[in-house]
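The domain 'SAM-dependent MTase RsmB/NOP-type' annotation in TrEMBL covers 102-393. Under the heading S-adenosyl-L-methionine binding site, TrEMBL lists 234, 261, 282. Summarising the annotation, TrEMBL assigns active site, nucleophile to 335.
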Ligand SMILES: C[S@@+](CC[C@H](N)C(=O)[O-])C[C@H]1O[C@@H](n2cnc3c(N)ncnc32)[C@H](O)[C@@H]1O
C-alpha cells in the first residue's frame, strides 16, 4: 500500500470506529481485525502503519470527531508527511479543502473535566492517554519471583508489589513458555494493588462479585494458596466462561463460578449471607482510569451513561453488604477517576449503612482521597483507580 492508501484506509476505519462508538458497536480492535481479514493485499507493515494512524488519531481527539477524515486531518496538522498524503492519488484521500472540519486536539471530553477528582490536574489528564506499560504478576500457585526473573531477565520489579514485574514495551509475552504454562499473568500494577488490599488468607470464604474474566480472582486465588472458598460471580456468561481456562492454566481449579441473573443477584447469593470474609466489588464503571488502554471508550461515555453506572454501583454495593460477616471486609474498586463513582459512592454507602466504617488507609501507593485512595497513571504508574476498604462492625 502507498502511504496515501494507508491514510485512506485509516480514514475508512476511523469512520467505522466513530459509528461504533456512537451506536454501541464493536471495539476498535475488532473493527481493525475485521477490516484486514477482507483485505489480504495488506502486508504486516501496512497493517501496523494503518493501526498506528487509527490509534494516534483516536488518542488525539478527546471528543468524538464528526468523521474519520476530520480525525485524520487533525493528526495531519501535527505530521507534515501525513498531510502530504492528502494528494488525490487513486487510492488516497482527496486534497485538503479550505475550512474543512478538523478534530480538536484535547486528551479528554470537556464534559468529564468537572466530574474528575480535583487531584487529576491538567498534567494528570494528559497522562491518562499515555501508552500503558505491560505488567505481569508472578503466579505464586506455580512459580516464584526468581523463576519469573530468570524467564524475563529484562523485566523490572515494581516497588511495593512483591509479585509484579514490568516488561519492556512491545514484549511478545504470548510467545513465552512461562506465560503459556501459567507461571505469570498479565495484570496492571493497579489491579495487583486492589487484590493485595483485600488481604485474603488461605481458608477464607471470598466472593469476587464482579469477577468478569477473573483477572483479580486469579490474584486472590494465589493469595489464598488454593485453599478456602473463592466464588467468581458475574452477570455476563461470556466473561465468566473466559475464566475457566485461565484458572486451569493458573492451577487455580478451586475457583467456583456463579452466573448471576441481573436484577436478581441477591437470590443466587443468599447462602453466603453474613458468612463471607471478604467481598470484592470491582464494579462496572466509566473506565476513565483505563482510557490509555481503550482510548475510544472516551467517545462512548455520555453523562447519562455515567449517571446510570453510578446508580448500578450503588445497587451492587447494597447487594454485597449483607454477604459480609461481622468484622469482615468489603473492598470497593473502580477503574474510574470521577468522584461520583469513587469518593462520592463510598460516602453515600456509609450514609446508607450505619453499621459500616471505612478502614484507615496506609500511604502509599496512591493518594488518600475521601474514605479511600486514588491511583493514577502519572502519580503511581498504574491504571487509574479509586479503591476503599470497608468493614462491617
Ligand atoms: C470492571 S469489570 C470487572 C473486571 C474484573 N474484576 C477483572 O479483574 O478482570 C466489571 C464487571 O462487573 C460485571 N457486572 C455488571 N453488573 C453486575 C452485577 N449486577 N452483578 C455482578 N457483576 C456485574 C460486568 O459484567 C463486568 O464483568
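Glycine residues also receive a Cβ, built from the backbone N, Cα and C atoms like all the rest.
All features noted in TrEMBL, drawn onto the structure.
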residue : record                               : CB count, 10 Å
234     : S-adenosyl-L-methionine binding site : 24
261     : S-adenosyl-L-methionine binding site : 10
282     : S-adenosyl-L-methionine binding site : 24
335     : active site, nucleophile             : 27
Predicted model, mean pLDDT over the domain 'SAM-dependent MTase RsmB/NOP-type' (102-393)
96
Enumerate in sequence order the binding-site residues 234, 261, 282 whose Cβ-atom distance to ligand 1 is under 6 angstroms.
234, 282
Mapped DSSP class for residue 261 (S-adenosyl-L-methionine binding site), helix or strand or coil
coil
Specify the secondary structure state of residue 234 (S-adenosyl-L-methionine binding site) as given by DSSP, simplified to three classes.
strand
